[in-house]
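Each remark here refers to the structure printed beneath this line.
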Amino acid sequence: MYDSHISSRKDDHVRLAQQYYEQNALNPRTHAEIDAMQFIPNALPEVSRADVSRETSFAGLALERPYFINAMTGGTPRANEINRRLARVAQETHSPMALGSMSIAVKNPDTRAAYAQLAADFPDVNFLANLGAEHTLDSARLVVDLVGAKALQIHLNAAQEIVMPEGEKDFRGWTEHIRAVAEGLGADGVPVIVKEVGFGMSAETVAQLVDAGVRTVDVAGRGGTNFVQIENARNAEQDFSYLEDWGLSTLRSLLEAVHVREEREEHLDIIASGGVRGPLDIVKYVALGADAVGLSAAFLQAVTASEDADEAVAGAVALVRAWDEHVTNLLTILGVRSLPQLRARAPYVLPESVHAYVRQRFV
C-alpha cells in the first residue's frame, strides 16, 4: 500500500512544479545575470565542428554531453510513470538519470517493487539514487541497492522543510550523517553527490561538505523549480510568500563553489542546476567552472507534453538531440574543441553586479 499522505504530497509537487514552470522560466529577474554574461566572439575559431567533443564526467560517471536528467520525483503511481518515461529518454540518449527523493521507499516497503522494476527494465541507465540528509548509512545502502545506483544524491532542503506544513524542523546532525554516508558508500565504491533543491550553496556550505568527505556538489541555485513557492501553495496555515526569493542564483552559487575548489586546490566536481533553460545556459555554466549541468523541469515538461508516452518520449529525445547540436555549434564558434578548453580559453564578461558580489564575498 502507498502512504496516501506522502503520495499526495509528491503528486502535489509535480503538479505545482508544472504549473509554475513557465512563470519561473520567463522571470527576467531570476535570469538577469546569466543573460547579461556575454561570450567574446571568436571571428577566427580555427576549429572543425567534426573535431569538437562534448564529453565530460562527474562522480566517476562518463557523460556524452555536459548535461543530464536531474532529480524530480518518484514513489507514487503517477510519479513512477513519469520516471519510466524519463528512463526511456535516458536509455536512448545514454544520459545518467537522477531519481527524486526515495525516502518513501525507506519508510514504505510496498513502494520498493516499482523502483526495482524500473532498474530491471532499464539496465543500461546509470541511475542516481536520492535521499535527504537526515537518513542513515543503512537507508542509503538500501536505496542504492534498490536501483543499482552508480551514485547517491543527498539533497539539502531546509528552506523547503520550514515552509512544508508537515516538514522537518530539526536539522541537527545533517553534516555528520553526510560524513557517515560518504565514508560508508565510498568504501562500497559508490560516490556521494550533495545537492541543494533550488536555493543555492554558499562557499561556507561547500567547504563544510568537502571537510565531510564529499567530492561532488550540485549547487542547484534559485531560478528553476521553487519549493518555497510550491510548499507555500500547499500551506493553508501560514503565508511564506516573503521567502519566494530566498537563496542564491545558480550563477552566484557556482562562483561560490568554484572559489572553494580553487582555494582548497583539491578535487571537487561541481554540477550547476536550477533554472537551466537551454544550450546557451549550459555552455555558460560550464565556462564558469561547472563540470556538468543538471536539468529537471525542462525534462519534466518534455515527458509530460503528451498523454501518449511514445510521443512524449520521442519529443524529449528529439530535444536532447537538438540541444547536443547546439552545444557543439557554440563550442565551435568559440574556437574550442572540448569542455576543458572552454573553461580555460573562452573569454567572457560578467555584469557589474556579479563583480560587486564577488568583491564583497571573497576580496
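Each Cβ is built from the backbone N, Cα and C atoms, and glycine gets one as well.
Caution: TrEMBL annotation is automatic and unverified by curators.
As annotated by TrEMBL, substrate binding site applies to Arg9, Lys10, Gln160. Taken residue by residue with DSSP, Gln160 (substrate binding site) is part of a helix.
Residues annotated as FMN binding site in TrEMBL: Ala71, Met72, Thr73, Ser101, Asn130, Lys195, Thr225, Gly275, Val276, Arg277, Ser296, Ala297. The Cβ of Val276 (FMN binding site) has 27 neighbouring Cβ atoms from other residues within 10 Å, across all protein chains displayed. Secondary structure at Val276 (FMN binding site), as computed by DSSP, is coil.
Annotated Mg(2+) binding site per TrEMBL: Glu161, in sequence order. Around Glu161 (Mg(2+) binding site), the same-chain residues at least 6 positions away in sequence with a Cβ under 8 Å from its Cβ are Gly167, Glu168, Lys169, Phe171.
Per TrEMBL, domain 'FMN-dependent dehydrogenase' is recorded for 189-344.
Rounded to a whole value, the Cα-Cα separation of Val276 (FMN binding site) and Gln160 (substrate binding site) is 20 Å. The CA atom of Thr73 (FMN binding site) is located 15 Å away from the CA atom of Gln160 (substrate binding site).
Looking just at the domain 'FMN-dependent dehydrogenase' (189-344), the mean pLDDT is 95.
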